[in-house]
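S.K.: Here's the feature list from TrEMBL:
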| type | residues | note |
| --- | --- | --- |
| COMPBIAS | 596-605 | compositional bias 'Low complexity' |
| DISULFID | CYS697-CYS707 | disulfide bond |
| DOMAIN | 625-728 | domain 'SRCR' |
| REGION | 548-622 | region 'Disordered' |
Amino acid sequence: FYRLSAHLDERTYAACAGHLQDLLCQECSPYAAHLYDAEDPSTPVRTIPGLCQDYCMQVWQSCRSIFRSLSADPELIALENNMAKFCRYLSLEDTDYCFPHLLANQNLNQNLGLVTADAEGCLQLCLVEVANGLRNPVAMVHANDGTHRFFIAEQVGLVWTYLPDGSRLEKPFLNISEAVLTSPWEGDERGFLCIVFHPKFKFNGKVYVYYSVEVRYEERIRISEFRISPTDMNTLDHGSERIILEIEEPASNHNGGELLFGEDEYLYIFTGDGGMAGDPFGTFGNAQNKSALLGKVLRIDVNNNDRGPLYRIPPDNPFISDPAARPEVYAYGVRNMWRCSFDRGDPQTKEGKGRLFCGDVGQNKYEEVDIVEKGKNYGWRAREGFSCYDKKLCTNSSLDDVLPIYAYPHKMGKSVTGGYVYRGCESPNLNGLYIFGDFMSGRLMSLKEDRATGEWQYSEICMGTGQTCMFPGLINNYYQYIISFAEDEAGELYFLSTGVPSATAPRGVVYKVVDTSRRAPPGKCRVEPSPVKVKSKRIPFVPKEKFIMKTPTPNPRLRTTTEAPWGGVPDPRTPRTPAVDGAGRAPPRPGDRARAPTAAAPEPGKGAEKRGQRRKKKPPVNGAVRLMRQGRRGRGRGRVEVFVDGEWGTVCDDGWSLPAAAVVCRQLGFPYAVRATKKAEFGAGTSLRILLDDVQCSGQERTLLECSHADVGTHNCSHEEDAGVECSREEVTDW
């Protein structure tokens, strides 16, 4: 507009600049496809939007010269001096859509700009796939340093760097998988649970992580500090770790797992109540005991800690003068908060800025969403949601607990995953909407505050049907097990889910949330990332998920999945499409992610503790592998044994190569294969049959059974030729 209007003289500008701007802006109209005849591929796209006759005549009489700057169409220019023919050429067959009358057409505009909802009021949104092939992606964060990189953490203890163009760097940002305590079993809540960048990371290079460890047979949660590598801005210095805080975990579940920095630049730590059922520790449980660090929101000061103590207590912490309380405690009475976030505030008014939202996973009946405030008690174990859990504690007048802003029963879902208040630029209708989910049922949900009453109104979120998501790059389905939510540096919203909730199953996908009902004007949300010096190989992103034209019948009943055997490859799950039945059952996730049913799950409130239970092993699936060395399981190296049709057997080394070793290592959760060994280097499996021979792989297969091989059990070798592998968490370079 400014480029074209600069050529207008003063008189023409005064009379015609408004018309020029109106005509240019129709390219961004919700009805641009109609205005420019872009819907019919057999006709050329117009250079001028379709105009109503009266408006065209008005513009022609006083401003016809502007059309030459808008269009080089020779037919239009030839008609310039004949008003009737000129305006007939610019007219539309469907006069309902001509400009500017369509702006006043009530039938066209009554729902324009509103988030599309189906007949049941379910908000219809769409997704963009941004990352895949991840093993239980538990967190996605940004560095807030202007680079617009994002970093995705896997439960096994690896963090990957993604660049603004969507590519991933081959070298991990962080790899502490050898120290992290977790396992391949579905529902293991231990592992690498969170990562956060210091607000002044751009200047001090500090990053903080939250993970499970075992120290002298004692399970702990550990909060550590790392520094960026002095030679690579996309890698942490693994030797720089300093342990800020460790807390003993009495059970293997309810590990909490959130780290956040507030506007005050203090570090907030969210711990679980210690595990088992009903917080049975002490007289009132850990959560109500202010002298315990479990079941709390902690707040500490890690600024300027290069000398002196590793952390200090903020002077305004609420219990700093209470001798019976730990000074780190900021809020208490929480069960197992899983995913919390600070509200960035309204982009214009900053209303809501600094509010701290958390999803707190419930026991047997209710899941809840809280707004956490300093010094407040959030009720567990006295209360679960709005309901009394421990009736004796619940009637205690001194409890003075804060009720959640929203709670939902287990018929809707059994394990809340906290989300974010949307404050991004690209989908303005979502502004102020708190979007969260449920791991067990796979529901996406939203809350909107009624500013007049202070109450929060609930709306379910569905994947768009019909033409809602029929745009290039958009999809309308996702994997069910919603592990986490995230914001990028620009404030756009994402969520992380998986088809198989095992720390070693590469079924995790990251999705960006998109509202197609109203997009920001072109160029408004453009960002200019700061340059990133890359030393590692870039791996281009290749999307795998597809748009589903015909969605299934709403509310399907979800089937229970089985746990992943050691080294096995679970059956892939299909992506989730619109709504699910709240009665559907599913396995739990890391970080206190709900009940682990074996067959049919008990009804809410009738079963045993839903987290942390040990289950009997299920038979391995076909193609599962294990490594054996000296009669025991090998950790990362050993003789390859494969499970086929109910029995374990060995693999002959005829044709055995590094790509085949890569398939085995990836099944076992290792990103790299160092060697493909032959001649029974790790011992002969003489007690087993030789099941596979002449195995030849490309390296992309999911199991050895997908590789080329001789018939199962057919071979021309002995156990002296048993194949083996050596795997690694890190890339090994020959010097």
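For all residues, glycine too, the Cβ spot is worked out from N, Cα and C.
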S.K.: What is the average pLDDT across the domain 'SRCR' (625-728)?
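M.R.: Over the domain 'SRCR' (625-728), the predicted model scores a mean pLDDT of 90.
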S.K.: Counting only residues 6+ away in sequence within the same chain, which have a CB under 8 Å from the CB of CYS707 (disulfide bond)?
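M.R.: Looking at Cβ-Cβ distances below 8 Å from CYS707 (disulfide bond), excluding near sequence neighbours, one finds ALA660, VAL663, VAL695, GLN696, CYS697, SER698, GLU701.
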S.K.: Suppose we draw a 10 Å sphere around the Cβ of CYS697 (disulfide bond). How many other Cβ atoms does it contain, all chains included?
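M.R.: I count 23 other Cβ atoms within 10 Å of it.
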